[in-house]
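Student: If you look up Swiss-Prot, you'll see 233-254, 500-522, 534-582 marked as region 'Disordered'. Per Swiss-Prot, compositional bias 'Basic and acidic residues' is recorded for 234-247, 513-522, 539-550, 569-582. The feature S-adenosyl-L-methionine binding site is assigned by Swiss-Prot to ARG394, ASP432, ILE433, ASP459, ALA460, ASN603, with sequence analysis given as support.
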Amino acid sequence: MFYGFLLLYPLLSLCLEHVISLSKKGKPTLGFVIMRNAVDIKTLSDVKDRVKNEKRTHCLVVNKYKVNDVLKNKEAKFYFLNVFRFPSVLKLREYEGNLMETGQYNGEVLRFIHSYVERLGGGGTHVGGKADSKADGKVNHDVSDQVVAQQTDQQMDQQMDQQTDQQMDQQMDQKRDAALEDCRLIPLNARFNKALQELMQREGKEIMEGLDMHLEEGDAGNVTVEGVAMEDDSTAHDSVQRNEGKTPKGPLDGQWPPLEELFRIIKKEGIQISIIQLQFGYDNMNTSEILRKIFPTESEVIHKYEMIGHIAHLNFCERFENYKKVIAEIILDKNKSIKTVINKMDTLKNLHRTFNIELLAGEKNYLTTLKENDIKVKLNYELIYWNSKLKKERDRIYDLVENNSIIVDLFAGVGIFSLHLSKKKCLCFSNDINSHAYNFMNVNIKLNKRKSILTYNLDARAFVQMLLGLDIFSSDKTTLSMQLSEQNWKNISLDFINSPDQNNVDTGKRKKRESDRVGHVDDDITANATIDKKKKLRHADTNDPLEERPLGLAATHHGEENIQSVERTNNDSEKTKEDAPRDVTHQVDINLGIYGDIHVLMNLPQTAFEFLDIFRELLDTYSTDQKDFQGKCRRDQMRNVFIHCYFFSKPELFYEDAERNIRMQLGGLPREMKITEIRKVSPSKLMYVAEFNLKDVF
């Protein structure tokens with residue numbers, strides 16, 4: 001064992017050196033987590049103190065009337081300081097105290113720039129000032145004196161002869177103040193300092209020590225965060241073509257525009273150059289930059305949070321337990337659209353896929369509205385499952401499904417798939433066992449003015465059994481006769497559903513509703529007034545509080561629906577059950593002849609495979625071994641039923657898992673099956689969807 005240790009000792013030292021080098025570069029070190037930079041971060045005030053920083057950099061001293069001309073130059077603009085919420089042009093009067101005493105340095109840099117431009121082929125004579133004296137090196141090193149020294153010696157002599165010393169001093173002060181008022185400072189960034197250093201070193205010259213040379217991540221483009229768009233610097237990276245022999249581009253050769261254009265402007269316009277020291281802090285940084293500053297080795301983990309309307313949902317690992325509240329305060333403070341920051345306390349294990357919420361910062365308000373593909377979605381995040389990260393998958397399904405398809409969504413949540421696909425004139429049967437989700441499905445149908453979505457609050461098995469009873473899977477069935485509940489009667493438009501024209505609108509349903517009712521409703525005025533009042537509560541404006549929404553429960557069996565609604569008043573303790581007639585239904589005929597394939601959506605990755613056995617009855621009904629009285633195979637009389645079954649699996653086992661579960665539940669495998677990776681839940685757990693035609697299962 002001792003000899004084994006001696007053999008491993010050199011490797012141990014190499015590993016330690018590697019970890020140290022990674023930590024110095026601010027890179028992740030796998031299991032070696034360095035958190036010492038954040039140990040004393042307790043409050044937002046601590047954060048603001050920690051992120052204070054200074055930049056010492058070059059700046060241009062420009063007359064205010066020439067600033068716009070300078071800023072318009074795209075190549076020059078690349079080298080201007082661009083800091084979040086910090087002005088790119090400063091008033092000299094306000095920042096005079098930030099200018100540094102540099103001795104001969106300013107003049108040396110200016111002479112270098114002028115001579116460099118002349119060697120490249122001129123650049124024009126600058127307008128105004130004493131160009132020759134600057135080019136020869138006779139440059140005043142105090143900027144305040146530089147901007148005042150515009151009068152000729154003859155003018156100064158005449159004034160001195162005519163005025164007393166006191167008057168002369170007063171006049172000089174006035175001229176100095178006026179000159180300072182007209183001057184602006186344009187700070188330059190680390191890219192300029194870096195590129196200038198490279199150029200001057202090639203000629204044996206050095207730039208001042210202590211200048212900012214740190215190229216921020218923002219210098220290479222905008223910074224983005226998964227689940228949400230962050231406010232950030234908009235640093236322009238203009239692609240510039242140039243010929244050989246011009247000014248070198250600098251350290252990032254091939255990406256930076258040449259300094260030549262900026263040098264020419266400095267010489268032509270008689271612009272001074274100086275050194276300025278600027279203070280930056282919390283207000284000049286976005287969320288991403290602040291978190292990188294505090295947690296330099298861990299920030300990529302923190303940044304991955306989900307946005308649900310005004311709610312930011314974070315998933316913290318244990319090592320951030322002591323910092324989660326201050327991180328939440330940063331996110332809340334730096335993103336004005338965020339009002340609530342929460343942490344997920346546990347995994348999704350219950351029937352309704354909800355989780356315990358820990359409020360970290362902001363309002364305790366989980367009723368939110370979000371927008372996806374021009375669809376408004378209202379939900380209570382505490383009561384209903386929602387995942388913004390599945391937007392790409394919802395878009396993929398939308399592109400996959402043809403117009404006039406039939407959608408069967410077993411685990412619909414707030415109904416986002418149906419809300420989206422109803423744009424394509426699809427007839428949608430949308431179900432969720434969560435009564436809160438069912439309630440918001442109906443709210444969102446009204447909110448988005450959808451006309452072809454039928455909603456159900458059933459166990460998935462009972463839901464599919466109901467559809468089997470309606471025989472919507474038969475390709476020979478052209479008319480679907482069914483009884484609709486009051487809620488679904490309000491959700492749909494028969495004119496819209498029964499017309500292949502997507503622009504068709506309902507013109508008469510509301511007027512003939514009473515005459516179409518199968519059930520009997522008492523006709524007296526008092527009863528109608530009560531029902532109207534409750535309808536107002538049930539279909540209140542979407543800006544009303546959640547307490548005024550129905551917590552409706554519906555039970556449907558073989559095409560007949562019963563509904564019982566529960567109303568909440570502003571006082572949570574007062575609850576009244578609506579005596580809306582449970583047996584009131586509406587007989588409707590739906591033209592199935594205009595609809596094509598059926599798409600069954602099973603987005604419950606944890607257990608969706610377990611529900612596939614529901615469709616065994618369908619396979620038995622349309623068996624390949626049975627023929628009708630005309631001798632046709634029964635399977636040919638079945639519509640195409642495309643199954644989209646979502647599941648979790650390890651990346652190395654996903655196909656075997658899908659095949660095993662499908663064979664187990666359906667007793668066979670489809671001829672063809674497509675499996676698509678949806679997203680990575682963790683390194684060893686991915687989400688997939690298995691897609692196949694149920695008609696092809698043998």
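Cβ atoms here come from the backbone N, Cα and C positions, even for glycine.
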Student: How many Å separate the two farthest-apart Cα atoms among the S-adenosyl-L-methionine-binding residues ARG394, ASP432, ILE433, ASP459, ALA460, ASN603?
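Tutor: Farthest Cα pair among residues binding S-adenosyl-L-methionine: 23 Å.
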Student: Taking every protein chain in this structure into account, which of the binding-site residues ASP432, ASP459 has the most other Cβ atoms within 10 Å of its Cβ?
Tutor: ASP432
Student: Helix, strand or coil: which one is ALA460 (S-adenosyl-L-methionine binding site) in, per DSSP?
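Tutor: In the DSSP reduction, ALA460 (S-adenosyl-L-methionine binding site) maps to helix.
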Student: Tally every other Cβ atom lying within 10 Å of the Cβ atom of ARG394 (S-adenosyl-L-methionine binding site).
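Tutor: Result for ARG394 (S-adenosyl-L-methionine binding site): 20 neighbouring Cβ atoms inside 10 Å.
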Student: Out of ALA460, ASN603, which has the highest number of nearby Cβ atoms, where nearby means within 10 Å of its Cβ, if these are the binding-site residues?
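Tutor: The most densely surrounded of these binding-site residues is ASN603.
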